[in-house]
Amino acid sequence: VLLKDFEGFKKLFHRFLQVKGPSIEWAKINRPPEDSIQPYDRIRAKGLPENISSCLNKLAVVKLNGGLGTSMGCKGPKSLISVRNENTFLDLTVKQIEHLNTTYNANVPLVLMNSFNTDEDTKKILQKYKHHQVHIHTFNQSRYPRVNKESLLPIAKSMGVSGENAEAWYPPGHGDIYASFHNSGLLDRLISDGKEYVFVSNIDNLGATVDLFILQHLMSQPADRRCEFIMEVTDKTRADVKGGTLIQYEDHLRLLEIAQVPKPHVDEFKSVTKFKIFNTNNLWISLPAIKRLQEQNAMDLEIIVNPKTLDGGLNVIQLETAVGAAIKSFNNALGVNVPRSRFLPVKTSSDLLLVMSNLYSLDAGSLTMSKKREFPTTPHVKLGSSFTKVQDFLTRFENIPDMLELDHLTVSGDVTFGKNVSLKGTVIIIANHGDRIDIPAGAVLENKIVSGNLRILDH
């Protein structure tokens, strides 16, 4: 493994040293042609496949599982955080795929791309799915050395990952999936098992379920015009200004990430008018095409230079790539503009509040917006720093408030919620420094601002 990692890093580092200046000339950027981004409804209108199970048998599901739960104050893999009724991200994923397999008598395997940060903990947990109707495979992302920003030399003192050396390594972004999937031998194994496509998504995106209409679209293309890559995109809102977008560049669809945008154009990139859609990172990719491009060494993914400052104050850079950037290398690539419901990432405790609430109902591992919600948009929730860590967040709610009629919630400071609170319209609760606000059990807050100090103690 180490030798493969070394080869991979050498190639990436070599390319990094050669590239001077921006990888994209702003003037050459065009909007994608009409037919290169299809509305989801058009794909849905084609209906379901005649034989759903034979289509499913040509599919594998890959979840990107390299990330830790640190940003939410949790140790270990992010996929092991409980999100709903004691179910973790991984539990929900397994339930969804198991449901597909049992409903359609199919054999869709689940593949987890782990990193050296998550592999050991994830494998321990996988025991519990032994008797589920889903085959689970894992492979590991590469482990690359961080380099000193000034000298450009690796900071590692040895090959070990423990002790003072722990900070010397990093997993090089999800664009690494192509090389590590290929190197692990799993790609070939899936191809020999008759799999033709993988559906790739982030494990923390609860909206990324297997969509049978998109699958049918892929399977129904004529052999000489096989679509090798579908990127699910969705309409930008003000909250998504940083998301990567699809552009037409030198006759190819390309993913443009904010990190690639020259400084003077960042505001233009963030505008909702010029770039109307962003990448959900739900991707459908042809396995034979990955194999071909890997063997020809033809991917050439744009390098994202990610600067970090380590605990001791040392400035390092880590070179990363993004899985979606490969879209330019695949034949007949397509964007599909999907409903927002297919993008439901849980990055913060504010997101967690939404998915734990009665806004969503859980069915066979899939979260869907509750039928009781009048309008399809998700409320805007901003919880302050007292809620950042999942543990703190959970102690502040006796149970999750009713949010069916909520539009906007802002909570700041030392605030707790009693049982069966109902939040409607716009609710702003602000406890200033030194104050505390306990929202009483059964309270109904509709279009209210709450401030000051309110303590409710057991007598």
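Numbering starts at 1 and runs along the chain as it is shown here.
Glycine too: its Cβ is placed from the backbone N, Cα and C atoms.
Curation plays no part in TrEMBL annotations; they are all automatic predictions.
Since we're looking at a predicted model, the values are computed, not measured.
For ASP204 (UTP binding site), the same-chain residues lying six or more positions away in sequence with a CB closer than 8 A to its CB are GLY67, LYS78, SER79, PHE89, PRO345, VAL346, LYS347. The UTP binding site annotation in TrEMBL covers LYS78, GLN141, GLY173, ASP204, LYS347.
The annotation substrate binding site is assigned in TrEMBL to HIS174. Taking all protein chains in view, 24 other C-beta atoms sit within 10 angstroms of the C-beta of HIS174 (substrate binding site).
Across the structure, HIS174 (substrate binding site) and GLN141 (UTP binding site) place their CA atoms 8 angstrom apart.
Residues LYS78, GLN141, GLY173, ASP204, LYS347, recorded as contacting UTP, have a largest CA-CA distance of 21 Å. Shown are the binding-site residues LYS78, LYS347; of these, the residue with the fewest other Cβ atoms within 10 Å is LYS347.
Cβ neighbour counts within 10 Å, taken over all protein chains shown, single out GLN141 as the most crowded of the binding-site residues GLN141, GLY173.
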